[in-house]
Amino acid sequence: MAKTIQAIRGMNDCSPTESPLWQWVETQVREVLNSYGYLEVRMPIVESTPLFARAIGEVTDVVSKEMYTFWDNDEQLTLRPEGTAGCVRAAIEHGWIYNNEQRLWYMGPMFRHERPQKGRYRQFHQAGVEVFGIANPEIDAELIILTARLWKKLGIDQHVSLQLNSIGSLEARANYRSALVAFLEQHQALMSEEEKERLIKNPLRILDTKNQALQQVLDDAPKLLDYLDDESREHFAQLCALLDSVGIAYEINPKLVRGLDYYNKTVFEWVTSALGAQGTVCGGGRYDGLVEQLGGHAAPGVGFAMGLERLVLLVQEVNASIPLKSAVDIYLVYQGEGTALAAFQLAEKIRSALPQLGTMLHCSGGNFKKQFRRADKSGATLALVIGESEMLNNQVVVKHLQGGVEQQTLDIEKVIDYIQSQF
Ligand code: HAM
């Protein structure tokens, strides 16, 4: 036998038994986004590398270590590690935001060369939202309220909690950065080489270190919230008041800075303790400078993205009552001269009249016993049986595969009404 070829590490197949749950999760996401009036956009998976370097930041982990980058003749291209940069690029390119508000969403694969583990993959899927042209905190609150509604729909609301912070204006952050560096320089003995490097390149990222000794010291570090400019402070207070007024609980986490450089003011993450180390199911925030930084007319922006693998895992872990229905509702079996054609015609008739049902035609021959075994395995509720005598009499036998109801013979023109009465 020829040697088999395996999938790339950290890049998963979605099996036929997993896809119904994925489809259900995706449907809940779409329904919630549609119910807020957001519009879907689709961007390419590949973009030019400088887009990500400029938007996400050269010294972030994503850009400095995790991008899949390659040369296409003399152009350097990258598999998108996230959706915000591409969405902003598209919005500028097509004039979606000029003098206009936009509330957009997207769903699709993203790529990061990280070390794979449960909940962390090299190809993963995000559903993301980006809102352009609205500066006030009502929209930050709407995004959070929208995600809270989704968690309810997915049955995971008791297992996620909201972390909130404001990282202020660029200037406030620069002031804070100096204070933090001055503080951390006294504790270099506790730092790994990587952390020492971060101290120079991206000191705010030290705030979410996993190094426990350093974590303890950080409790006494200067707090970003104390360095906020007045406008950011006011924006944050209004956001908190809005969330309070609709009863959404949150924890203000002064160490939450997020791993991408484009943020200002609001940042947030929804986290769970049910998935081990990869507990962030959704993250986002405001990025008021990004559109201008990428060459557009200045326009505020705010958004978030959720990791669909993590949501699917969490739903599997905590929601035992997902209403997943079998892909097949009706299974047609047939045997004998000319019955295949009759079965094909009946199946097509059912699909035209009742497109919401899954109607499967046996197709692969064999006696009735074998065919019924397949019908049972398919999970269908009804089997429709056409033998030679049924065909000659323009009839069909209806059998309830889940038991409970006697089988019966129906005239073929009554079949659609009968099926309809059963679902
Ligand atoms: P992010 O925090 O890098 O933000 O990713 C958002 C979510 O994607 C994470 O919370 C996580 O659920 C999921 N995720 C990230 N990396 C992986 C991975 N390797 N494997 C599985 N899931 C992963 C962003 O991407 C921003 N673009 C979000 C945003 C939109 N901010 C404003 N607008």
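Note: Cβ is positioned from N, Cα and C throughout, glycine not excepted.
Sequence annotations record features per position, and here TrEMBL assigns domain 'Aminoacyl-transfer RNA synthetases class-II family profile' to 25-323. Confidence for the domain 'Aminoacyl-transfer RNA synthetases class-II family profile' (25-323), expressed as mean pLDDT, is 95.
The L-histidine binding site annotation in TrEMBL covers Glu82, Gly83, Thr84, Arg112, Gln126, Glu130, Arg258, Tyr262, Tyr263. For Arg258 (L-histidine binding site), the number of other Cβ atoms no farther than 10 Å from its own Cβ, over all displayed protein chains, is 20.
Counting other Cβ atoms within 10 Å of each Cβ, the lowest count among the binding-site residues Gln126, Tyr263 belongs to Gln126. Each of the binding-site residues Glu82, Thr84 was assessed for Cβ neighbours inside 10 Å, and the highest tally belongs to Thr84. Checking the binding-site residues Thr84, Gln126, Tyr263 against ligand 1, the ones whose Cβ sits under 6 Å from it are Thr84, Gln126.
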